[in-house]
Amino acid sequence: NSSDLSPSFILASIPGLEAAQAWMAIPLCSAYILALAGNCAVLLVVRMEPRLHAPMYFFLCMLAAIDLALATATVPRILSFYWFDSREIGFGACLLQMFLIHTLSAIESTVLLAMAVDRYVAICHPLRHAAILTNAATAKIGLLAMARGVLFFLPLPLLLLPLPFCGSRVLSHSFCLHQDVMNLACANTTPSVVYGLTAILLVMGLDAVLICLSYILILKAVLRLAAWRERLKVFSTCIAHICAVLAFYVPLIGLSVVHRFGRDLAPLVHIIMGNVYILVPAVLNPIIYGVRTKQIHRRIL
């Protein structure tokens, strides 16, 4: 029961299924391999195909790199737990993993917003698209997304660093999240709660609102077109991005709801939602863009 300023935490296991964890890790490992192969293929195709050296595909490369980093920051550690029963994670390693997860998620949210703006400019102001979204502007947006993620989410581990931890140190997931670690502190966590909520609302929340606003403007522009066939052709260029936005925000919202209202839910729900949040965007994004983008599809084949 004694407090410890530098504790270690215990990653969550599924009660009653500890003996089957090695088998349960197989689909997780398969999804990770699929995410690695798909995102690396996207990066390679865009690099090798000069016709794809355009802002939309550079944003797609940023998305692929973020998904690779996010999956690699979590899944190998989860697999080592499932296969080698390495349940304990040190305080510093936990804070680092937590920082990477939240920062990379914020960067991905910003890139999705930039892709929505790209679609808006391409559809609503096609003659100005090349002048507004140049390669230099795309690189600056990427750097801005990185800086925004780091600046907003660096304080999260710093606010947890001085807190004492006592009693239970078992996490709700197989990796470290801010809300999860914060709930184990035996001290006043109000500053951490307020800042965490503010950061999420100012980054993911604001991005989601602006993405919706972009698509409202896109829909208005599409509905001005006379022919239904032309409307569908123009709007079909947004389908891949809409699917990528849903693949990111739906698991994010689901995980937030589970943390906020699901304390009485079975541990299996928390673990599944956490793994979905980490892996679904990384697995689905290459498939979505590989199917919907003819240049990438043909080059991969």
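Any Cβ shown, glycine's included, is placed from N, Cα and C.
Keep in mind that TrEMBL annotations are predicted by a computer and have not been checked by a curator.
Taken from TrEMBL, the feature domain 'G-protein coupled receptors family 1 profile' applies to 38-289. Among the features that TrEMBL reports, transmembrane segment is placed at 20-45, 57-83, 89-117, 129-154, 193-218, 239-262, 268-291.
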Remote residues contacting the transmembrane segment (193-218) - C-beta distance under 8 A, at least 6 residues beyond either end: 102, 105-106, 109-110, 112-113, 116-117, 119-120, 123-124, 148-149, 152-153, 155-156, 159, 178-179, 182, 235, 238, 242, 245, 249, 252, 256
Seg_contact(the transmembrane segment (239-262), the transmembrane segment (20-45)) with at least 3 CB pairs under 8 angstroms, min sep 6: no
Within-chain partners of the transmembrane segment (57-83) [C-beta distance under 8 Å, separation at least 6 from its ends]: 11, 13, 21-22, 24-25, 28-29, 32, 35-36, 39-40, 42-43, 46-47, 89, 97, 100-101, 104-105, 107-108, 111-112, 114-115, 118, 135, 138-139, 141-142, 145, 174-175, 244, 275, 278-279, 281-282, 285-286, 289
Stretch of maximal Cβ-Cβ contact with the transmembrane segment (20-45) [cut-off: under 8 Å; candidates 89-117, 129-154, 268-291]: 268-291
Segment-level pLDDT (mean, integer) for the domain 'G-protein coupled receptors family 1 profile' (38-289): 91
Tertiary contacts of the transmembrane segment (129-154) (same chain, 6+ residues out, Cβ under 8 Å): 53, 55, 58-59, 62, 99, 102-107, 110-111, 114, 118, 121-122, 199, 202-203
